[in-house]
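*Asks:* Copied straight from Swiss-Prot:
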BINDING   Asp37, Asn39, Asp41, Asp48  Ca(2+) binding site
DOMAIN    24-59  domain 'EF-hand 1'
DOMAIN    94-129  domain 'EF-hand 2'
DOMAIN    130-165  domain 'EF-hand 3'
MOD_RES   Ser2  N,N,N-trimethylserine
MOD_RES   Asn14  deamidated asparagine
MOD_RES   Ser15  phosphoserine
MOD_RES   Ser19  phosphoserine
MOD_RES   Thr52  phosphothreonine
Amino acid sequence: MSPKKAKKRAEGANSNVFSMFEQTQIQEFKEAFTIMDQNRDGFIDKNDLRDTFAALGRVNVKNEEIDEMIKEAPGPINFTVFLTMFGEKLKGADPEETILNAFKVFDPEGKGVLKADYVREMLTTQAERFSKDEIDQMFAAFPPDVTGNLDYKNLVHIITHGEEK
């Protein structure tokens, strides 16, 4: 295949991934990519992943775990590759699983709960920021337990099914 045809094919493949998502979703993925691209070089590499984990409080991530994540990509992880990888993972995923996976990023031990203060901080400082009123409404509807933890698994179930487990 000529270089021009190969380039054209790659461009075509890339444009398909953008048609899988609504513009607002693409913007949200872009914000997530920007947060993970710690060194702002336009690519997510091992150091970016390690720094992202550290920012989430997970400092002892094994090199093998990071290597496995990087190997999932067909090459350097720019935004288009990042979007493609998420597109493949989200194809056919149900909304409950998708929302749960978003919370699990912040719960590396898989406890099913997050500190309410941490959730409040993340929702008011990252991506599409919640207003104080929106946060207050959420915590009024889904109050943390006596230890200050938010049971996000139950929260996601209520969001997606409209009822408590």
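In case you wondered, yes, glycine gets a Cβ from its N, Cα and C as well.
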*Asks:* Measuring Cα to Cα, how many angstrom lie between Asn39 (Ca(2+) binding site) and the residue listed as 'phosphothreonine'?
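*Replies:* Just about 11 Å between their Cα atoms.
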*Asks:* Rounded to the nearest angstrom, how far is the Cα of Ser19 (phosphoserine) from the Cα of Asp48 (Ca(2+) binding site)?
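*Replies:* That separation, Cα to Cα, works out to 27 Å.
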*Asks:* Counting other Cβ atoms within 10 Å of each residue's Cβ, which of the binding-site residues Asp37, Asp41, Asp48 comes out lowest?
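*Replies:* Least crowded of the binding-site residues Asp37, Asp41, Asp48, by Cβ count within 10 Å, is Asp41.
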*Asks:* Counting Cβ atoms within 10 Å across all protein chains shown, which of the recorded positions Ser19, Asn39, Thr52 comes out on top?
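*Replies:* Result for the most crowded candidate: Thr52.
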*Asks:* Around the Ca(2+) site recorded as Asp37, Asn39, Asp41, Asp48, what other same-chain residues have a C-beta within 8 angstroms of the site's C-beta center?
*Replies:* Met36, Gln38, Arg40, Gly42, Phe43, Ile44, Asp45, Asn47
*Asks:* Considering Cα atoms only, can you say which of Ser19, Asp37, Asp41 is the nearest neighbour of Thr52 (phosphothreonine) among these recorded positions?
*Replies:* Asp37
*Asks:* Where does Ser19 (phosphoserine) sit in DSSP terms: helix, strand, or coil?
*Replies:* helix
*Asks:* For the domain 'EF-hand 1' (24-59), what's the mean pLDDT in this predicted model?
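*Replies:* Averaging the confidence scores along the domain 'EF-hand 1' (24-59) gives 88.
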*Asks:* According to DSSP, does Asp48 (Ca(2+) binding site) fall in a helix, a strand, or coil?
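*Replies:* SS state of Asp48 (Ca(2+) binding site) = helix.
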